[in-house]
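Per Swiss-Prot, these features apply:
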type	residues	note
ACT_SITE	Asp43	active site, proton acceptor
ACT_SITE	His71	active site, proton donor
BINDING	42-48, 70-72, Arg337, 363-365, 445-448	GTP binding site
BINDING	Asp43, Glu44, Gly45, Lys46, Asn68, Ala69, Gly70, His71, Thr163, Arg177, Asn256, Thr271, Arg335	IMP binding site
BINDING	Asp43, Val331, Thr332, Thr333, Gly334, Arg335, Lys336, Arg337	substrate binding site
BINDING	Asp43, Gly70	Mg(2+) binding site
REGION	1-24	region 'Disordered'
Amino acid sequence: MSGTRASNDRPPGTGGVKRGRLQQEAAATGSRVTVVLGAQWGDEGKGKVVDLLATDADIVSRCQGGNNAGHTVVVDGKEYDFHLLPSGIINTKAVSFIGNGVVIHLPGLFEEAEKNEKKGLKDWEKRLIISDRAHLVFDFHQAVDGLQEVQRQAQEGKNIGTTKKGIGPTYSSKAARTGLRICDLLSDFDEFSARFKNLAHQHQSMFPTLEIDVEGQLKRLKGFAERIRPMVRDGVYFMYEALHGPPKKVLVEGANAALLDIDFGTYPFVTSSNCTVGGVCTGLGIPPQNIGDVYGVVKAYTTRVGIGAFPTEQINEIGDLLQNRGHEWGVTTGRKRRCGWLDLMILRYAHMVNGFTALALTKLDILDVLSEIKVGISYKLNGKRIPYFPANQEILQKVEVEYETLPGWKADTTGARKWEDLPPQAQSYVRFVENHMGVAVKWVGVGKSRESMIQLF
């Protein structure tokens, strides 16, 4: 061993210095992202909260889902509809980023952009960056989505109520390792074409009635490839640079919601991706220590689209009133939403999974006309109170909800712009939610516009 030194036989002092530097480097985790997530079954008004935060954001990103999500944002009296584009694209000073966890239907992306261009959205393609690792939704994925729904209806007498945007079939291809990504489309097109044909044939063998114009679709895809090429980056490197360069405000816009999450939602009536906080790390390629504030968006009552258990649902004049006053129709599907009282069991469960740092309580004004308002505070199963949210749908159908009845305010809140403008009973309603959740409410929404979000702190 002469002439060499054992690794643990270093000259005094050298190891300590190196370790200290590494500890400092580890401590410099970089910027933290702010996350906005739905805390119920979607349609909570996430777009409005994102829009509020996006005004001073440097980067606004989507991390999961596809054009099955629907966000409506009103700016200067104009209503923009977003499905795949981050709604931060309205902010001309921000970069919008579509992460690897998102599934992208290119025809849908350009169609959506063109619709919003007609309403005044300018130069969006200069502000959009797309991860090269994002998977592609093909037209046949969308066709299969519809065929699967028909099959489910025939076999089980019920369907999931998907948006038929091809999201589930695309995530299935991804999990089966047969999917194709943006990076595949932009490299060797012959190789891409061969894999595309294989994938198309696989789907045709499973669904014999499926018709696919393979050559026509490939021709269109080749055209889209050239249009998106300038927007595509290595998404992991892009996010790393964004978080470790000069300080930046990075906002993550969740699509869908906690109870639609593939793991934690009311399975099987869920979407096909993780729309809870874990999906931010896997869908953007960032570590947990870069997650900052996580804002949960909560509607002042509860809505749900399609079938599945809904403990606080009101199939009566209260449900109709909420549906009509709240204009509860889906942005993506136009379907009527089911309505019911606020359910704190759902919210506590969403908080367990996501660790909300604060809440946004939206559409409080919809409750303005009620003389009393009920809030679901706990569930009973076979006469016993249960502390958890049941995983099994049949059990969730059977729970008995315990309600607390609060006085209504019977006053118009739509003109309120600060906390003091709200009637005392409306303030009590907000505080009741805070106290039961153990999470502060940061915003209260009393209307459609940006100005109607009251900030509390």
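Here the Cβ of each residue, glycine as well, is placed from N, Cα and C on the backbone.
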How big is the Cα-to-Cα gap, in Å, between Val446 (GTP binding site) and Asp43 (active site, proton acceptor)?
-> 15
Can you tell me the three-state DSSP label for Asn68 (IMP binding site)?
-> coil
Looking at the recorded positions Gly42, Asp43, Gly45, Gly334, Leu364, whose Cα is closest in space to that of Thr163 (IMP binding site)?
-> Gly334
Listed recorded positions among Gly42, Asp43, Lys48, Arg337 whose Cα sits within 10 Å of Gly70 (IMP binding site) | Gly42, Asp43
Cα within 10 Å of Lys48 (GTP binding site) is the criterion; apply it to the recorded positions Asn68, His71, Thr333, Gly334, Lys336, Arg337 and give the hits in sequence order.
-> His71
Look up Lys336 (substrate binding site) in the DSSP assignment and reduce it to helix, strand or coil.
-> strand
Conformational class of Lys48 (GTP binding site) under the three-state DSSP mapping = helix
Among Gly42, Gly45, Gly70, Gly334, which are binding-site residues, the residue with the most C-beta atoms within 10 angstroms of its C-beta = Gly42
Of all the Cα pairs drawn from Asp43, Glu44, Gly45, Lys46, Asn68, Ala69, Gly70, His71, Thr163, Arg177, Asn256, Thr271, Arg335, the residues the record ties to IMP, which distance is largest, in Å?
-> 34
